[in-house]
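Peer 1: What follows is a single structure, and I will ask about it in a moment.
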Amino acid sequence: MPGFDYKFLEKPKRRLLCPLCGKPMREPVQVSTCGHRFCDTCLQEFLSEGVFKCPEDQLPLDYAKIYPDPELEVQVLGLAIRCIHSEEGCRWSGPLRHLQGHLNTCSFNVVPCPNRCPAKLSRRDLPAHLQHDCPKRRLKCEFCGCDFSGEAYESHEGVCPQESVYCENKCGARMMRRLLAQHATSECPKRTQPCAYCTKEFVYDTIQSHQYQCPRLPVPCPNQCGVGTVAREDLPTHLKDSCSTAFVLCPFKESGCKHRCPKLAMGRHVEESVKPHLAMMCALVSRQRQELQELRRELEELSIGSDGVLIWKIGSYGRRLQEAKAKPNLECFSPAFYTHKYGYKLQVSAFLNGNGSGEGTHLSIYIRVLPGAFDNLLEWPFARRVTFSLLDQSDPGLAKPQHVTETFHPDPNWKNFQKPGTWRGSLDESSLGFGYPKFISHQDIRKRNYVRDDAVFIRASVELPRKILS
């Protein structure tokens, strides 16, 4: 072991310190050839590395020239130190040679339990351990008088058959624990008992009142159908599904049949009423079809924009342009949109390969007025300014977009801007609406980024009206 690592009352003199570990020397030895002193253990560890030279002056060493230094050891053992448990509260101080004698009585020193249990604790905590915690201590049960070790007593405590305890059901009775089981099963008025009809358990003195209300209590069928008894909670299901004498509604009641008869007679009614039932179902299907169409129309109306602006994306532009070249006058239609809430209903159409004077060379764009839900509230003819824009998809951070834009005011004398009627809807020349057959040429549309990712964007905006007719 290296030198002593204790708390000294005064700093040890340098000549008492081991040059290798820097601590007061333990079992000091002296090299007689040079006079240097070291801890015996420190010097042995140094020499075990194969260096046979004095650590201080590097002179050759000979094991035969190394001797114990008892005089120096007496000086070291005479140094005054504090107890190794001083930080824990021990106030002892004295010569180093007396430390072991002090530790044999120090109340802070850790010692093994004298009962040979695994515990190791300070000497001052030993009495409490021996009295309360040691698993090897001896204890006697106050109820049965048996002698136990501490660990065995912990298992015995709380289960001793001779201990007097109260009934766990809180009936107030008190008896020895060994009599508790018999009391709980046959004597206690607060014991639980299962119901004879259901799986639930109840306190013994309330079981009778429950049985009169138990949902599994057998009761006779009120229709006297001959099945004997049925559990009370199953009676509604029995009357609905199983009772042969119960009155039931026709299975075609949802279709409109109001016939009601005993269940046994219902089969005959169904066989004899095939045609009336079929007619009812056909009428029901017709009504449902009308309701479905109305719901679809309402859903379409809800999905239509109502802010006077449409941004229409035409994807797969290259393929659709080739189709338009192969099929003259092939027209693409945008989703419908409203000029405003409760406003005019409009739609934009485009001829990717041109129409009229722009056929084969230009993109043509038109707008038409569609029949709307609020036409009777609006001013006619339609006279709001309309603006078309082919959007430049260039990155705004790199260059200012240059949209292609055209604006017009509808001619109030043109019939397509009059209030739509039921005659509208065909794709002849009169239903094209108004627009620009030469909106942009095929050459110009390929400039910049009007076509990007094989798609073009067309924006249509309408001047918002100030009011609707009152």
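Cβ from N, Cα, C; glycine included.
Annotations for this protein, taken from Swiss-Prot, read as follows:
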- 18-58: zinc finger (ZN_FING)
- 101-154: zinc finger (ZN_FING)
- 155-208: zinc finger (ZN_FING)
- 209-267: zinc finger (ZN_FING)
- K263: ubiquitin cross-link (CROSSLNK)
- 277-310: coiled coil (COILED)
- 307-462: domain 'MATH' (DOMAIN)
- S426: phosphoserine (MOD_RES)
Peer 1: Quickly jot the same-chain residues contacting the coiled coil (277-310) by Cβ under 8 Å, restricted to those at least six beyond its ends, or write none.
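Peer 2: Tertiary neighbours of the coiled coil (277-310) are 252, 254-257, 270, 334-341, 343, 345-346, 348, 373, 459-464.
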Peer 1: For the residue listed as 'ubiquitin cross-link', write down the residues of its own chain that are at least 6 apart in sequence and whose Cβ falls under 8 Å from its Cβ; none is a fine answer.
Peer 2: C243, S244, T245, A246, F247, V248
Peer 1: Would you mind splitting the zinc finger (18-58) into helix, strand and coil residue counts from DSSP?
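Peer 2: Across the zinc finger (18-58), the residues distribute as 8 helix, 9 strand, 24 coil.
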Peer 1: Can you tell me whether DSSP puts the residue listed as 'ubiquitin cross-link' in helix, strand or coil?
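Peer 2: Looking at the DSSP assignment, the residue listed as 'ubiquitin cross-link' belongs to a helix.
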Peer 1: Mind tallying the zinc finger (155-208) by DSSP state, helix then strand then coil?
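Peer 2: Across the zinc finger (155-208), DSSP assigns the residues as follows: 17 helix, 12 strand, 25 coil.
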Peer 1: Can you tell me how the residues of the zinc finger (101-154) break down into helix, strand and coil by DSSP?
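Peer 2: The composition, in the requested order, is 19 helix, 12 strand, 23 coil.
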